[in-house]
Structure formats: C-alpha cells, structure tokens
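*Asks:* One structure, as structure tokens, below. Some questions next.
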Amino acid sequence: MAAYKRVLLKLSGEALMGDDSYGINRQTIERMVAEVSEVSASGVELAVVIGGGNIFRGIAPGAAGMDRATADYMGMMATVMNALALQDAFRRAGVEARVQSALNIEQVVEPYIRPKAIRYLEEGKIVIFAAGTGNPFFTTDTAAALRGSEIGAEVVLKATKVDGIYTADPNKDPTATRYETISFNEAISKNLEVMDATAFALCRDQKLPIRVFSINKPGALNRAVAGENEGTLVHM
Ligand SMILES: Nc1ncnc2c1ncn2[C@@H]1O[C@H](COP(=O)(O)OP(=O)(O)OP(=O)(O)O)[C@@H](O)[C@H]1O
Ligand SMILES: O=c1ccn([C@@H]2O[C@H](COP(=O)(O)O)[C@@H](O)[C@H]2O)c(=O)[nH]1
C-alpha cells in the first residue's frame, strides 16, 4: 500500500552503468524500469529526475581545465541522453513516459512546462525531467528538489548506489555507520556529501522529506514508496 500519491524519484545516472565502466547497461536499465513501472501501475504518480554521472560530470577529472559552465552544460546533455534511453526502455516495457527538458532541444524532447508535466502525471504517465535545472553549477539532486517542489510531490526518493546516508562516505570509510533518520540541519552541518547542500536546503525550506536508498536492492523502491523504514529518511 503506497504512502504517497505523488513522488519525485531521483535515479542515479552512475547506477545505470551497472558493472560496466561507462554508459548504460541494458540489464540494469531494464531492471530499474521494471521496478519503477510496478510502482506507477499501482497508481502512484511518478516523476523522475535522471542523473548523468555514467556519461559526464562537470566536476569529473575528464573536465579538468575546461570552462566549468561549458562542462556543466555537457553534463546536462548527458542527462538528456539518459532520459531518452529511459523513455525508450519504458516504451519497450509498454509504459508511457514523457521527457521534458530544462534546456531547449525541441527536435529531440519537449521543453519543461510545469502544468503539462502535472497533467501527464494526473493521466498516469511517467514524466522524466532531463537537463537538471538547466543551469550550470547545480546538480540533478537540486533539480530533484526543485521539480519535486514545483509539482507538489510528497517526497523525494533518491535511488542511488549506497543504501542510505552514512556518517562518512562508506566507499571511503569502512567504519562509517548508516543513519535511519537524520534532520536536514544535521545533514547540512555535517557536510554529508551524498547530496549537495543546495538540494537539502531547498527540500528543508519546502518541507519536502527525502529518502535515500539503494537502487540495487530488490524491493527497496517499493518499500520506500510504502513509507517503510528503507535506507535513510531526511526530515525537518
Ligand atoms: N555520507 C555519505 N553517505 C552515503 N554516501 C555518501 C556519503 N558521502 C558521499 N557519499 C557518496 O555519494 C554517492 C551518491 O551520490 P552521487 O551524487 O555521487 O551519486 P548519484 O546521485 O547516485 O549519481 P548521479 O550523479 O550520476 O545521478 C555514493 O555513491 C557515495 O559514495
Ligand atoms: O542542474 C544541473 C544538473 C546537472 N548539471 C551538470 O550535469 C552533471 C551530471 O549531473 P549529476 O547530478 O552529477 O548526475 C553535473 O555534474 C553537472 O555538470 C548542471 O550543471 N546543472
């Protein structure tokens, strides 16, 4: 039984690689699409923000020496590629999804228009928000907080490679322990880098809770949508 009527799901771009070192792993994207489709079929209105870390990040070593804003626009274009791949995978699974982009590339995807996005959601279609916020120096986590606030989502679900928020990056510190819940102010003041401070602050100001959980754990998305104790809940 779902605890929410409308959710904003932030899907990790990096997780799309699966065990590959770059790009989109077919089995991985199909598995993600199957889990998301199941939630959508249960009647929950689902908007997705997709990251771009499997292709390009403005702050990656490959962008070193580049103008930061240019590199960030490349990162946003990477999220458009992921959004198109995701839409295609939904279509193959028989699920209707629409992509809306924060950057205008009209031959490829429709632009972000808030009322239209809300109408799609009310019609039961999945909406995929591409190109982040459309502005350099931001991340797709901030785009998730922004779009989640705009569409009146009740929660931001961040599906990523780690199974929650830890006292330190668990990939660097094996002694790190996981929080079951943490307040926005604590997450910001402890500088926990699982999400950027802008995203935390926007969600805090809009009273929009965030749940961070593993995209690779079977059933975790369903449990998060059911409001169960999965991963870490960031609260007021
Ligand atoms: N305190 C922490 N708790 C949990 N993970 C952390 C923490 N600090 C840093 N991390 C790192 O944050 C990563 C998740 O955030 P990141 O923004 O890198 O990925 P993503 O949002 O899943 O990917 P993408 O940007 O491609 O969408 C984890 O893989 C983990 O290594
Ligand atoms: O609003 C935004 C969102 C993203 N970017 C750039 O895209 C890449 C990929 O996004 P991730 O959140 O890391 O998956 C990011 O590194 C930025 O370079 C952006 O500029 N503005």
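All positions are counted from 1 along the displayed chain.
Glycine is no exception: its Cβ is also placed from the backbone N, Cα and C atoms.
Model, not experiment: these values are computed from the prediction.
The feature ATP binding site is assigned by TrEMBL to LYS10, LEU11, SER12, GLY13, GLY53, ARG57, THR160, TYR166, ASP169. Marked as UMP binding site by TrEMBL: GLY52, ASP72, THR133, GLY134, ASN135, PRO136, PHE137, PHE138, THR139, THR140. What TrEMBL lists as domain 'Aspartate/glutamate/uridylate kinase' is 5-214.
Each of the listed features needs to be described in terms of its position in the shown structure.
*Replies:* Around the Cβ of GLY53 (ATP binding site), a 10 Å sphere holds 21 further Cβ atoms from the protein chains shown.
GLY52 (UMP binding site) falls outside any helix or strand according to DSSP and counts as coil. Take the CB of GLY52 (UMP binding site) and look out to 10 A: across all protein chains shown you find 27 other CB atoms.
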*Asks:* Fill in the CA-CA distance, PHE137 (UMP binding site) to GLY53 (ATP binding site), as an integer in Å.
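*Replies:* Given the Cα positions, PHE137 (UMP binding site) is 15 Å from GLY53 (ATP binding site).
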*Asks:* Given the binding-site residues GLY52, THR133, ASN135, which one's Cα is the least distant from that of ASP169 (ATP binding site)?
*Replies:* GLY52
*Asks:* Look up ASN135 (UMP binding site) in the DSSP assignment and report helix, strand or coil.
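*Replies:* Once the DSSP labels are grouped into three classes, ASN135 (UMP binding site) ends up as coil.
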*Asks:* Record lists GLY52, ASP72, THR133, GLY134, ASN135, PRO136, PHE137, PHE138, THR139, THR140 as binding UMP; longest Cα-Cα distance in Å?
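*Replies:* Looking at GLY52, ASP72, THR133, GLY134, ASN135, PRO136, PHE137, PHE138, THR139, THR140 as a set, their Cα atoms extend up to 14 Å apart.
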*Asks:* Helix, strand or coil for ASP169 (ATP binding site)? Use DSSP.
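*Replies:* Its secondary structure by DSSP: coil.
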*Asks:* Other than its own, how many Cβ atoms are within 10 Å of the Cβ belonging to SER12 (ATP binding site)?
*Replies:* 24
